[in-house]
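Scroll down for the structure; my scribbles are underneath it.
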Amino acid sequence: MKSTKIILIGAGNVGTSFLYSAINQGLASEYGIIDLSPEFAYGQALDLEDATPSVVRPYRIYQADYKDAADADFVVITAGRPQKPGETRLELVKDNIKIISEIAQKIKESGFKGITVIASNPVDIITRAYRDVSGFSDAKVIGSGTVLDTARLQVEIAKRAGVAPESVHAYVMGEHGDSSFVAYSNIQIAGECICGFSAQTGIHADNYEQELEYPISRKAYEIINRKRATYYGIGAALANIVKNVVNDTKKILVVGANLRGQYGFSGVNVGVPVVLGRNGIEKIVQITLNDKEKAKFAKSVEIIDTMYKDATEGR
């Protein structure tokens, strides 16, 4: 089995949920943790080290420094800060862009040549800022995008249809946020249009926005209102991204990718279906969208692009 090294930046709930999922799947033989608090990173490493005898693959885990990224295969970034009381979203975005820019510069200076996976929010904007500062290729900078939103969609449809989530082929696209949309015209179960399952699911073309799109976009708020944060789902989703790159699966996932003419847009990082393999994002898949979905996609891109430009104005 090939030796794989992963460096995590940000040792909070999302980052350590990713590590726990990755460790349980045996994705790497070496894990390093970087955090603003080295003591906290060291404590997380000590705790996760105790899982070694119980999992499928031996591994080494430690509190790391940026120089340790030089020979890493992956850097996974979950660092950032939450919104302060009374703070505007734009103020938060500006601060998190500053944080990711400093991280990108340090990663670049380390000599890192691998693949970066980013989940720091707002992820579409943060991923774009990281790519701009680092200069790394589009293929090697992967945002989590709407991978979690898509997982939520699959779970909801699967529960209604009485099938396994992996049997549901469906995509949430656009911003990882309120302007995301369900590509309803592309949803399939067992190769059949979801419209053929309306009796089981209660979902059809006239109500999918209320039955699927709205609740999926609000699920994070439902979780946060009850337990203050989301981390297990996104941790598992990040591990899934890494797994498909490590194993060169060529599987299609919806992640944050930089568009260069696809879907009629360029220079914006947004959730779209891609083929993942050992080179990272190997291809952006352009699925056919109907007119309503095209309009929603355009609106989502506009929101992301405007926020990025407002946050970086004068920089």
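Using the three backbone atoms N, Cα and C, a Cβ is placed for every residue, glycine included.
Per TrEMBL, the feature domain 'Lactate/malate dehydrogenase N-terminal' maps to 4-143. Annotated NAD(+) binding site per TrEMBL: GLY10, ALA11, GLY12, ASN13, VAL14, GLY15, ASP35, TYR66, ASN96, ALA119, SER120, ASN121, SER144, in sequence order. Under the heading substrate binding site, TrEMBL lists GLN83, ARG89, ASN121, PRO122, VAL123, ASP124, ASP149, THR150, ALA151, ARG152, THR230. The domain 'Lactate/malate dehydrogenase C-terminal' annotation in TrEMBL covers 146-306. Under the heading active site, proton acceptor, TrEMBL lists HIS176. The feature phosphotyrosine is assigned by TrEMBL to TYR221.
The CA atom of ALA151 (substrate binding site) is located 12 Å away from the CA atom of SER144 (NAD(+) binding site). In three-state terms derived from DSSP, THR230 (substrate binding site) belongs to neither a helical nor a strand segment and is classed as coil.
Its own atom aside, the Cβ of ASN96 (NAD(+) binding site) has 22 Cβ atoms within 10 angstroms in the protein chains shown. The two recorded residues, ASN121 (substrate binding site) and HIS176 (active site, proton acceptor), have Cα atoms 9 Å apart.
Cα to Cα, the residue listed as 'active site, proton acceptor' and GLY12 (NAD(+) binding site) are separated by 20 Å. The NAD(+) site in the record is lined by GLY10, ALA11, GLY12, ASN13, VAL14, GLY15, ASP35, TYR66, ASN96, ALA119, SER120, ASN121, SER144, and its two most distant CA atoms lie 22 Å apart.
Sorting the domain 'Lactate/malate dehydrogenase N-terminal' (4-143) by DSSP state (H, G, I as helix; E, B as strand; all else coil) yields 69 helix, 25 strand, 46 coil.
Among the residues the record lists as binding substrate, namely GLN83, ARG89, ASN121, PRO122, VAL123, ASP124, ASP149, THR150, ALA151, ARG152, THR230, the two farthest apart have Cα atoms separated by 26 Å. TYR221 (phosphotyrosine) and SER120 (NAD(+) binding site) are 17 Å apart (CA-CA, integer value). The average pLDDT computed for the domain 'Lactate/malate dehydrogenase C-terminal' (146-306) is 96.
Straight-line distance linking the Cα atoms of GLY12 (NAD(+) binding site) and VAL123 (substrate binding site), rounded to a whole number, equals 16 Å. For the pair GLY10 (NAD(+) binding site) and THR230 (substrate binding site), the C-alpha distance works out to 15 angstrom.
Among the binding-site residues ASP35, ASN96, SER144, not one has its Cα within 10 Å of the Cα of THR230 (substrate binding site). Between the CA atoms of ASN96 (NAD(+) binding site) and the residue listed as 'phosphotyrosine' there is a gap of 21 Å. The sparsest Cβ neighbourhood within 10 Å, among the listed binding-site residues (GLN83, SER120, ASN121, THR230), is found at GLN83.
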